[in-house]
Amino acid sequence: MATNFAIVGATGNVGTEMLEILSESDIEVGDVYAVASRNSLGREVSFGDKTLKCVDLETFDFNKVHIALMSAGGEISKKWSPKIAATGAVVIDNSSAWRMDPDVPLVVPEVNADAVEGFYKKNIIANPNCSTIQMVVALKPLDDRAGIKRVVVSTYQSVSGAGKKAMDELWLQTKGIYTNSELPAINFPKRIAFNVIPQIDVFMEDGYTKEEWKMKVETMKILGSHVKVAATCVRVPTFVGHAEAINVELKSELSADDARALLRESPGLMVIDQPDGEDANYITPIECVGEFATFVSRIREDSTQDNTLDMWVVSDNLRKGAALNTVQIAELLVHRKLLKK
Ligand code: 2RA
């Protein structure tokens with residue numbers, strides 16, 4: 001039986017990627033509806049070789065779909081996900097609204113696919129934060145093999161994570177600097193052009209930002225509470241692709257060579273790591289744009305502490321960090337025949 005989809009937030013950075021990735025899925029996709037706010041009514045989006053006209057979130061009948069892929073922000077999700085779920089459709093939500101709800105699974109298919117089975121409690125499944133997803137894909141095999149004690153991570157996050165307007169801000173600010181018409185910071189707390197900003201999202205009481213807190217608590221929900229995470233999240237002036245420098249302390253020894261071989265065999269990962277010599281090779285964010293994989297480079301042993309590795313992990317934040325992971329969850333529901341409707 002074909003599966004019908006609603007893409008809620010269809011005109012956004014992530015919504016358009018969801019449509020593109022869904023159009024290439026191997027599951028049998030039936031009707032697809034591009035759902036958006038009233039402001040986007042009449043706008044058209046592409047789905048494979050078709051063009052879809054946006055329909056209104058306020059009036060759309062969700063009885064028509066089996067799955068709603070949502071990327072419309074936390075407030076809209078809090079209001080609409082329960083209503084959509086009440087029609088029997090399963091909501092797979094990309095916002096932070098439901099991630100820490102104990103009755104909502106937080107799923108990265110390569111890491112904790114079985115968690116998806118708990119979706120029936122609310123008919124909602126949460127997609128983790130982009131910076132968490134790529135990190136746990138790389139950490140899972142290490143945890144299974146050698147047990148993780150602690151992770152120290154610094155992120156280098158592109159502006160697309162903050163939406164389309166944030167991408168425009170980087171572009172216009174960069175141009176403005178050359179034409180003496182500097183644009184003030186609007187979507188970021190400080191100027192982003194030719195700068196880096198050690199703040200993503202709001203500050204919490206303990207001095208960490210909410211983005212850093214998300215990496216900590218979401219990782220524990222996905223991998224288990226034995227994985228302690230200390231994060232510093234930084235916005236950098238790149239458009240797409242998040243990078244992370246990860247220091248991971250393990251319970252038992254794992255050489256850099258063994259880690260490289262292990263990660264090479266692990267789902268969702270590509271190891272690009274020729275650490276020395278003339279052919280030294282590693283990945284950068286610009287090279288991962290449009291790719292499905294999470295890339296790992298610069299795997300090395302930390303000589304300052306036993307059983308500790310350093311690595312560089314890069315992924316397309318709009319794809320594996322958002323739209324692709326959401327579509328993969330939908331595929332999991334279909335392949336496991338979990339849809340009741
Ligand atoms: C960001 N983590 O990069 C956000 C997007 N989910 O701002």
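Each Cβ is built from the backbone N, Cα and C atoms, and glycine gets one as well.
No curator has checked TrEMBL annotations; they are predicted automatically.
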Listed co-binder of NADP(+) (same site as T11, G12, N13, V14, N39, S40, S160, G161, source TrEMBL) among N307, N317: N317
Cα-to-Cα gap, S160 (NADP(+) binding site) vs R235 (substrate binding site), nearest whole Å: 10
Listed recorded positions with Cβ under 6 Å from ligand 1, out of T11, C130, Q157, S160, R235: C130, Q157
Run through the domain 'Semialdehyde dehydrogenase NAD-binding' (4-119) and tell me, per DSSP, how many residues are helix, strand and coil. 41 helix, 32 strand, 43 coil
How big is the NADP(+) site in terms of the longest C-alpha to C-alpha distance among T11, G12, N13, V14, N39, S40, S160, G161, N317, in angstrom? 26
Quiz question: given the recorded positions R99, H242, which has the greatest number of C-beta atoms lying within 10 angstroms of its own C-beta? H242
